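Pulled from TrEMBL:
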- 7-73: domain 'Methylguanine DNA methyltransferase ribonuclease-like' (DOMAIN)
- 78-157: domain 'Methylated-DNA-[protein]-cysteine S-methyltransferase DNA binding' (DOMAIN)
- Cys129: active site, nucleophile (ACT_SITE)
Amino acid sequence: MHQIRLTCPIGELLLVAQPEHLLGVWFADQSGIPAWATVAAPNPELPLLRQTALQLEQYFAGVRQRFDLPLDLSRGSAFEQAVWGALAGIAPGQLCSYLDIARAIGRPRAARAVGGALGRNPIGIVLPCHRVLGSKGQLTGYTGGVARKQALLDLEARWAAA
């Protein structure tokens, strides 16, 4: 397992990968980063980490709206994997609710559990849990902080306006 740190406009990111799959993208200062991620060996030469960093830089520069990276979500439960997989279908500039995700995965009564799974999303930004809002459209918890969630939504809103 390998890691690099990437400075972006809203903070430092910790990127963790194996040679073939991306395992995680977290804000370096957020709580709840798994211990296995923090002890991964630094390796700025790993091609997948370099590609991930490049795509994130392009995202923040406004030239990339979708990510094309091989992901490994196997550390999550079947439910979490379903929730995280549903995130990939939320287009840039589109917003949805926890209930929308619950319905999309065939578990319409599991909106609260969806929130828990989103809080454990190991591949933030790439799997856009920041595009999920509360039932009344309010910004709710985000592991990187609500201010970062708003910054990501503002960035994506600029794409929609262009």
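Glycine is treated like the rest: Cβ placed from N, Cα and C.
Secondary structure of the domain 'Methylguanine DNA methyltransferase ribonuclease-like' (7-73) per DSSP (helix as H, G, I; strand as E, B; remaining residues coil): 19 helix, 18 strand, 30 coil. Averaged over the domain 'Methylated-DNA-[protein]-cysteine S-methyltransferase DNA binding' (78-157), the predicted model has a pLDDT of 94. In sequence order, Leu87, Leu118, Asn121, Tyr142, Thr143 make up the list of same-chain residues 6 or more apart from Cys129 (active site, nucleophile) whose Cβ falls under 8 Å from its Cβ.
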